[in-house]
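In what follows, a single structure is set out as structure tokens and then discussed.
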Amino acid sequence: MKVTALGNTLTGFGQALATTLGVDTTSSSPNCAEMMVVFARGTSEPGNVGLFSGPTFFDALEVMMGAGAVSVQGVEYGASIEGFLQGGDPAGSAAMAGIVEGTVQNCPNAKIVMSGYSQGGQLVHNAAAMLPAATMAKISSLVIFGDPNDGKPIANADPSKVMVVCHPGHNICDGRDLVLVEHLTYSRDAVEAATFAAARAKA
């Protein structure tokens, strides 16, 4: 109960901050584009793409790929603390796998990016393990910010397509569960991550 209450408090704070900053924390774009990003937000983040890494990453991708070239679909899932402690929300992991599979089928010419932040990174790992190798072979790149599974390979993924961004001394990346200021600063890595994803898309 206390864990759930804390999660609700953090979500409310995140949404209030997003509103103040004018950041859109929800993205649902079913239409095919040159690049399709499937993104899972972190624990207790608002919307379906969150606040602390997703929106700045998408903006940087749009600059590099061109106006209208990037479509983003956020994963709808609980993003609870309990899910994080389970190694990534099981239903959310399955939902992400389903979105990726559907995107591969419906947009065969798109460059598909699987991405997530914090617990969203756990979902990337879990979804990749659920997907067949043939589907994963069609993924252009995988980008994780603040990965709780840092150092563990992503199943069925070509390592050259993977970028994991973890700051030195980051508690979550070290496999622990204490959220410190460093965990909230991944927006500063947006350009580097977008540069990687754009290069992979054009390879």
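A Cβ is built for glycine as well, from the same backbone N, Cα and C atoms used for every other residue.
Taken straight from Swiss-Prot:
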{"type": "SIGNAL", "residues": "1-18", "note": "signal peptide"}
{"type": "DISULFID", "residues": "CYS32-CYS107", "note": "disulfide bond"}
{"type": "ACT_SITE", "residues": "SER118", "note": "active site, nucleophile"}
{"type": "SITE", "residues": "GLN119", "note": "site 'Transition state stabilizer'"}
{"type": "DISULFID", "residues": "CYS166-CYS173", "note": "disulfide bond"}
{"type": "ACT_SITE", "residues": "HIS170", "note": "active site"}
{"type": "ACT_SITE", "residues": "HIS183", "note": "active site, proton donor/acceptor"}
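Shown here: features listed in Swiss-Prot, placed on the structure.
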residue : record                             : Cβ within 10 Å
CYS32   : disulfide bond                     : 13
CYS107  : disulfide bond                     : 18
SER118  : active site, nucleophile           : 30
GLN119  : site 'Transition state stabilizer' : 31
CYS166  : disulfide bond                     : 20
HIS170  : active site                        : 21
CYS173  : disulfide bond                     : 24
When DSSP is mapped onto helix/strand/coil, what comes out for GLN119 (site 'Transition state stabilizer')?
helix
Cα of CYS173 (disulfide bond) to Cα of SER118 (active site, nucleophile): how many Å, rounded?
8
